[in-house]
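**Q** Straight out of Swiss-Prot:
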| type | residues | note |
| --- | --- | --- |
| TRANSMEM | 3-23 | transmembrane segment |
| TRANSMEM | 70-90 | transmembrane segment |
| TRANSMEM | 94-114 | transmembrane segment |
| ACT_SITE | Asp125 | active site |
| TRANSMEM | 134-154 | transmembrane segment |
| ACT_SITE | Asp143 | active site |
Amino acid sequence: MKIPLIYNRILILFFFIANIIILDQVSKKWIINNLLLHEKKPLISIMNIFYVRNYGTAFNFFSNNPGEKNYILCLISSIAILIILKTMYNNTTIENFFYNIPSAFIISGAIGNFIDRCYLGYVIDFIDFHINNWHFATFNIADVSIFIGSVLFIYHNKYFLKN
């Protein structure tokens, strides 16, 4: 029996999303098992591995009073994830399939951080870029995935949706 093309596209996106989530979760598990909280290991001159817990959102916004707010963030995240998944499912035609690639990056990162936030109460961050004493916000692979997806969305909308 031949599988319809729409299911092949959905399967490709599913495996893409699953692999990014697995990479994110495995990297965070490695950090937990190999570093102490706030321990820093230099990798290269401008990058450290630095284990921190982010009780807030991006760039540690809303990080004070993590208790109740965590449930609200989990609820908001789950609603956003469902909306993106529904949008992706509706865009499985060949014309719209490449629109789903940025969505796949974003949904992967959202799910990776959602898992941390809902099961641990915080997100594990560990990538620390710096120049001398100036440090960018510490982040993780899920955050990188969200960033890549956002850049791809901007690129797609700027160069492919001119009509």
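Keep in mind that glycine also has a Cβ here, set from the backbone N, Cα and C atoms.
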**Q** Sequence gap of 6 or more, Cβ distance under 8 Å: name the residues on the same chain that satisfy this around Asp125 (active site), in order along the sequence.
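**A** Correct list: Phe50, Val52, Arg53, Asn54, Ala137, Thr138, Phe139, Asn140, Asp143.
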**Q** Need a quick answer: max count of Cβ pairs under 8 Å to the transmembrane segment (3-23), which of 70-90, 94-114, 134-154 is it?
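**A** Highest pair count goes to 94-114.
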**Q** DSSP on Asp143 (active site), three-state: which is it?
**A** helix
**Q** Count the Cβ atoms, other than its own, that fall within 10 Å of the Cβ of Asp143 (active site), considering every protein chain shown.
**A** 21
**Q** If you run the three-state DSSP split on Asp125 (active site), which class comes out?
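**A** DSSP assigns Asp125 (active site) to strand.
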